[in-house]
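Q: Quick one: the structure is below, questions incoming.
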Amino acid sequence: MNLCSSAGATASTSSLSSSGHVESNSSGPSEAIHCFGVVGGGGNSGGSGRADTALNQSNRSTVNGGGGNPTNSNGPNLTHNEINAIMPPETRPKMVTVKHPESNKPKPTTKKIVKNIQADQDVIKALQRCRDEGIKRLDLSKSSITVLPNTVRECVHLTELYLYSNKIGQLPTEIGCLVNLRNLALNENSLTSLPESLKHCTQLKVLDLRHNKLAEIPSVIYRLRSLTTLYLRFNRITAVADDLRQLVNLTMLSLRENKIKELGSAIGALVNLTTLDVSHNHLEHLPDDIGNCVNLSALDLQHNELLDIPDSIGNLKSLVRLGLRYNRLNSVPISLKNCKSMDEFNVEGNGITQLPDGMLASLSALTTITLSRNQFTSYPTGGPAQFTNVYSINLEHNRIDKIPYGIFSRAKGLTKLNMKENMLTALPLDVGTWVNMVELNLATNALQKLPDDIMNLQNLEILILSNNMLKKIPNTIGNLRKLRILDLEENRIEVLPHEIGLLHELQRLILQTNQITMLPRSIGHLSNLTHLSVSENNLQFLPEEIGSLESLENLYINQNPGLEKLPFELALCQNLKYLNIDKCPLGTIPPEIQAGGPSLVLQWLKMHSPYRQM
């Protein structure tokens, strides 16, 4: 049987009628099945023929498909009983009750049926046009397709076929007739397998099977040796067969988000790979053969269960990105220092205590280093040279108790440092040399003092010092004129310096959970401030100048047990959207007004303000 023949395997043909129904013409006998009987030839040679004769003799009455009475074209309608009365028992048509097995299930709405029919018609028309016009690119994505018509075999000119985001559970065998196909997108369907006929698509370069229901890599894929790009992300694949080695032309392979426990030695045969993504699987080890993939520039291994990395990884001298986040590594091999093209090194979420001596210094192209959520107790060895070209360092959530003096002396491009959740008690004496720093996160440490030299960090835009042991902020903070976010939450601060008012670019000031008794009047100069949190302090009053904060949108002053009244000037904050005054003994404002939200409180303040005539 030639599945790719336009005439098909039988003599019947299908066409779309003007009413939207598919009309079938067949050279064989036909049988019409009705709800109340069987009419026409093709049945047994007994009663059916005689019944037809009897019906013809009875004014040629016919049985309609809707279950109504037989119709006499030349006279009145006859009931079934009347028909039976004029017919011998042996020639009477048998009563047939047709009941679908799922007839008890809720029936789809007419609207849904019409929509599906229309979708099917659109697909058929698209395939016909593709055949008639020799179209090379066909996009049937998001078309609610459940079954791809076998007439797809006629679209032999196709080089690109997009079927993503449908409801296809199985491809027709005729897909193999598309011998010119180069790009086939089947992502976001319900495929559990692929037909063997796909092997005839010998020119296929790109195959996208993301987000399907494949429990294994279909064996036919291994026969598509022209493939350069294969996406198998988010399926249910548990293993990779040794036949993978046949796909020697692959440059991109994605097996992300499956259930793969082992990557066999066959991976080493894919010497043309430039991108390999096996993240979010269950790998515990990598084969040594990974070192044969010398053209790899991106290797993503994050979110696995890797216990070690083979030394052969040092052979990947073209590697630019290596993702090792969230595994079970205790160390990395020193051979990584040979991967001198790497610009990002990320081992977040492992159990690493130290890196090999001088490894980072050897990776001179690094711009981003992420060592967060490990077991480091000190900075990596290698001195200032290891951060020469780095602009971002993340050591969050480790056990580091100090930043070595001069460690960033060569890091002229360092703009972002995250030391959150460590054990720092002080900053190094040369902190004033970090002049290019833009974002500095020192939250959740044990800092007791902020050095005056902080004034030199004049490019700083984000300074996070929350959850430390600071008692005061130096006056030199006013020199940080570019500061947009200042987070001092959960310290022991009692007084803010007057110079805080010089931070005209400040948008968020977080002072929650301190021991502040009053805000400086200069706070009114913070014209760009949108968020001010002073909750859980010891405020006795708010300065009148708070009314000058024309950009203020959120104000948290809750849980200040000594705050008994609000200044009338607060009503001047026209952009205020959220006001939290819970657990403040505001005796002057009625409870029902307080419960009404910020707009009602502001309205009350305005009505009772001496400025109400203004």
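Heads up, the Cβ atoms here are built off N, Cα and C, so glycines get one too.
Feature list, courtesy of Swiss-Prot:
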REGION    1-29  region 'Disordered'
REGION    44-79  region 'Disordered'
REPEAT    134-155  repeat 'LRR 1'
REPEAT    157-178  repeat 'LRR 2'
REPEAT    203-224  repeat 'LRR 4'
REPEAT    226-247  repeat 'LRR 5'
REPEAT    295-316  repeat 'LRR 8'
REPEAT    318-340  repeat 'LRR 9'
REPEAT    341-362  repeat 'LRR 10'
REPEAT    413-434  repeat 'LRR 13'
REPEAT    436-457  repeat 'LRR 14'
REPEAT    505-526  repeat 'LRR 17'
REPEAT    528-549  repeat 'LRR 18'
REPEAT    551-573  repeat 'LRR 19'
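In the displayed structure, how are the listed features positioned relative to their neighbours?
A: Among residues of the same chain six or more beyond the repeat 'LRR 1' (134-155), those with a C-beta under 8 A of the stretch's C-beta atoms are 3-6, 14, 115-116, 119, 122-124, 126-128, 161-175, 177-178, 180, 185.
As a whole-number mean, the pLDDT of the repeat 'LRR 2' (157-178) in this prediction is 98.
Sequence-remote contacts of a segment are chain residues at least 6 beyond its ends whose Cβ falls under 8 Å from one of its Cβ atoms, and for the repeat 'LRR 4' (203-224) they are 159, 164, 179-196, 230-241, 243-244, 246-247, 254.
In terms of DSSP secondary structure, the repeat 'LRR 8' (295-316) contains 5 helix, 3 strand, 14 coil.
Secondary structure counts, DSSP: the repeat 'LRR 10' (341-362) has 4 helix, 3 strand, 15 coil.
Sorting the repeat 'LRR 13' (413-434) by DSSP state (H, G, I as helix; E, B as strand; all else coil) yields 3 helix, 3 strand, 16 coil.
Listed by sequence, the residues of this chain that lie at least six past the ends of the repeat 'LRR 14' (436-457) yet keep a Cβ under 8 A from its Cβ atoms are 396, 412-427, 429, 463-471, 473-474, 476-477, 479-480, 487.
Remote same-chain residues near the repeat 'LRR 17' (505-526) are listed as 461, 466, 481-499, 532-549, 556, 562 (criterion: CB distance under 8 Å, separation of at least six residues from the stretch ends).
Tertiary neighbourhood of the repeat 'LRR 18' (528-549): same-chain residues 489, 504-522, 555-563, 565-573, 580, selected by CB-CB distance under 8 Å and a gap of 6+ residues from either end.
With DSSP classes pooled into helix, strand and coil, the tally for the repeat 'LRR 19' (551-573) is 5 helix, 3 strand, 15 coil.
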Q: Same chain, outside the repeat 'LRR 9' (318-340) by at least 6, Cβ under 8 Å from its Cβ: which residues?
A: 274, 279, 284, 294-312, 346-359, 362-365, 370
Q: Can you count helix, strand and coil residues in the repeat 'LRR 17' (505-526) using DSSP?
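A: Tallied per class, the repeat 'LRR 17' (505-526) gives 5 helix, 3 strand, 14 coil.
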Q: Using DSSP, what's the helix, strand and coil tally for the repeat 'LRR 18' (528-549)?
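A: Secondary-structure breakdown of the repeat 'LRR 18' (528-549): 5 helix, 3 strand, 14 coil.
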